[in-house]
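Trainee: Heads up, here are the entries from TrEMBL:
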type	residues	note
TRANSMEM	12-38	transmembrane segment
TRANSMEM	44-66	transmembrane segment
TRANSMEM	78-97	transmembrane segment
TRANSMEM	103-128	transmembrane segment
TRANSMEM	140-163	transmembrane segment
TRANSMEM	169-189	transmembrane segment
TRANSMEM	201-224	transmembrane segment
DOMAIN	213-395	domain 'Major facilitator superfamily (MFS) profile'
TRANSMEM	244-269	transmembrane segment
TRANSMEM	290-317	transmembrane segment
TRANSMEM	337-359	transmembrane segment
TRANSMEM	366-385	transmembrane segment
Amino acid sequence: MKVYGEILRSRYVGALVASSLLSRFPIGINALAIVLFLREQTGSFAIAGAVSGSLAAGSGLGAPFVGRLVDRIGARRVLVPLACIHALGLASIVGFTELDAPTAVLLVCGFVSGAALPPTSSVLRSLWTELLEPRLHQAAFALDSTMIELIFITGPLLTAGIAAVTSPAGALIVSAVATVTGTAIFTALPPTKNIHGQERSAAGMLGALAIPGVRTLVLVSLPTGIGLGILEVGIPAFSRAEGAAAAAGVLLAMWSFGSGIGGLLYGILPRQGGVFRMHLFVTALLPLTILPLAAAPSVVVMAFLVIPAGCCIAPLLATRNELVGGIAPPGMRTEAYTWPMTAFVGGIAVGAALAGVLVEGPGWRTAFLVAACISATSSVMVAMWRKTVLIPVTT
């Protein structure tokens with residue numbers, strides 16, 4: 001673990017990581033907080049789910065364009081205004097709900113708030129190459145992926161705690177304050193001034209999608225996301241089928257815990273071959289770790305199986321981001337990091353919807369088998385189009 005200490009002791013890195021983590025906590029808070037708040041206020045899970053979905057849709061669809069804006073104008077001029085808009089959107093959901101506003105107004109507020117979520121993750125990744133020696137890049141990207149898992153584990157717990165002490169609206173306010181505060185600290189640190197506006201490249205409207213390797217990683221991320229989206233619904237369905245619905249939260253937390261452990265181990269273990277070879281390896285290994293879930297005979301056994309099933313996720317995201325950093329030129333890097341994540345999140349949404357059909361029909365075992373098969377196509381695609389992610393692009 002010494003390598004992580006070395007990274008965090010590097011000049012400005014510890015402060016950048018801490019402030020970006022604070023600004024990203026809404027990722028783990030907002031969805032549950034919105035559902036709890038709107039269910040309490042409106043009595044409708046349908047409205048709560050729709051508004052939560054609109055926020056996720058805004059975040060996914062808006063991220064690439066926000067990233068492009070950062071590349072064009074600069075991080076300092078974009079991130080804080082976005083954080084304020086995001087916070088205002090969350091506050092508007094609370095305010096308009098209290099005023100009994102139409103659901104359409106809440107949907108717009110959710111979408112705008114999601115679209116304005118500051119891309120501090122992408123900006124931080126683009127700074128790794130400037131702040132750290134090349135030998136530390138593997139661990140840095142692993143640390144970033146592990147932090148995201150930490151957010152997904154602790155965010156819902158924090159939301160539940162705040163809601164119990166105050167109210168679900170209080171959790172949304174805490175989320176808004178965290179975003180603005182974390183983003184303000186992040187942009188005040190000297191390294192962010194290096195993320196400044198770039199001249200418009202020859203890529204035109206396509207932006208970072210004009211880079212073949214970025215398109216490859218976008219396409220590869222979609223089936224991976226679908227597979228994991230199926231698991232997000234399949235695991236709770238398994239728990240319910242076993243008569244232990246309350247265990248679903250524990251199983252999902254252990255799954256995320258496995259991902260965090262995988263990320264930390266990936267960062268410290270010596271890597272044989274290049275980053276592409278490692279990405280291909282973990283992409284191919286993922287479906288093999290999913291397959292045993294279909295044979296789980298009990299909740300206890302499933303608890304042990306979901307940990308290795310999660311171990312590939314953070315390394316997969318870390319190697320993917322490292323590949324993006326190698327093929328995208330500096331003037332497109334922030335945007336380039338967002339496109340594969342947008343496809344990944346979109347895939348999760350598709351997978352969750354597909355899982356609903358599968359668990360209601362053939363059952364949870366079939367859902368896990370389908371998840372393994374779909375995620376396996378990612379490794380085939382990576383192998384087929386490997387040349388596009390092996391050649392750095394310059395403009």
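We count from 1, first residue shown onward.
Even glycines carry a Cβ here, placed using N, Cα and C.
TrEMBL: automatically predicted annotations, no manual curation.
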Trainee: Let me spell it out: take the transmembrane segment (201-224), skip the flanking residues so only those 6+ beyond its ends count, and list any with a Cβ under 8 Å from a Cβ in it.
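Mentor: For the transmembrane segment (201-224), the nonlocal Cβ contacts are 64, 67-68, 283, 286, 316, 320, 323-324, 327-329, 331-332, 335-336, 339-344, 346-347, 350, 374-375, 377-378, 381-382, 385, 388-391, 393, 395.
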Trainee: Does the structure show the transmembrane segment (44-66) and the transmembrane segment (103-128) touching, where I'm treating 3 or more Cβ pairs under 8 angstroms (sequence separation 6 or more) as a contact?
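Mentor: Yes, these stretches are in contact.
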Trainee: Ranking 12-38, 169-189, 366-385 by Cβ pairs under 8 Å to the transmembrane segment (140-163), which is first?
Mentor: 12-38
Trainee: Cβ under 8 Å to the transmembrane segment (337-359), counting only same-chain residues 6 or more beyond its ends: which ones?
Mentor: 56, 59-61, 63-64, 66-67, 119, 121-122, 125-126, 208-209, 214, 217-234, 237, 317, 320-321, 324-325, 328, 366-367, 370-371, 374
Trainee: Please report, as numbers and ranges, the same-chain residues at least 6 past the borders of the transmembrane segment (169-189) whose CB is under 8 Å from any CB of it.
Mentor: 12, 15-16, 19-26, 29-30, 32-34, 36-37, 75-76, 79-80, 82-84, 86-87, 90-91, 93-94, 117-118, 120, 123-124, 158-159, 162-163
Trainee: Taking the transmembrane segment (12-38) as the reference, which of 78-97, 103-128, 290-317, 366-385 gives the largest number of Cβ pairs under 8 angstroms?
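Mentor: Selected stretch: 103-128, with the most Cβ pairs under 8 Å.
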Trainee: Rank 78-97, 103-128, 366-385 by Cβ pairs under 8 Å to the transmembrane segment (290-317) and hand me the top one.
Mentor: 366-385
